């Protein structure tokens, strides 16, 4: 039976402690985090500018990449300003409703990113396995529908997490959140009441979005590799592999960090909390940092356009 007498009823303010066990060095941890954030912003903004300015890049693959860049900017911006407020300026307090909003935004953008990665995998599948129909399938209208679809799917699936916390959980053991941002399970664990419904729905969202997306992405790339191996010319095989390798790197970095963070938060009781929180932070900061770098290095069209921009600026 929960001890409601010693609990707190609907707290108006929560306290984010940052990284448990590393409070004394959080100031220094914030420096590389800030550097990663600035590089991610610059890289993704540059990617968006290049894709917008260069008409030859107005193709499905690059438009999906622009969606990914915009999502990365929004995702990292949701967490880092408040995180640096904790690390550098000792501002750990956050209004409960603002914390729920941050939680909803973070998980929504995570799901949007997963949906975009899935759409990119399907785009590569059609481009390689059925190239003659690629232009007729991936029309401007379909791209708009995909963008709206993955956004609505994420927002609607994550919203009940917020509602279940707001409407079901009234009593809390403490107002101290052992995290550097408002994560779903970190808030749920504070509650006195039975939180099984919250946990079950969180698992449902994770597996119905990220889980299904990674399954379909894997199946798409298995089919792509089968098709590529059947190509008669070695140059054609190398070109197809080179096109896919950047996508695969991005998929691996996102999903490996995502599932490690997800499972350690629920089942990794033997893992020190500071390791889990650090990896959770990196999970939200590393993909926005690496995505424009990976695509900029591996995609010749983007690399050429970036070089042209900097060469023109240098010449002038």
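Glycine residues also receive a Cβ, built from the backbone N, Cα and C atoms like all the rest.
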Which stretch does TrEMBL mark as transmembrane segment, out of 177-199, 200-222?
200-222
Please check if the transmembrane segment (200-222) comes into contact with the transmembrane segment (101-122), where contact means 3 or more CB pairs closer than 8 Å and the residues in each pair are separated by 6 or more positions.
yes
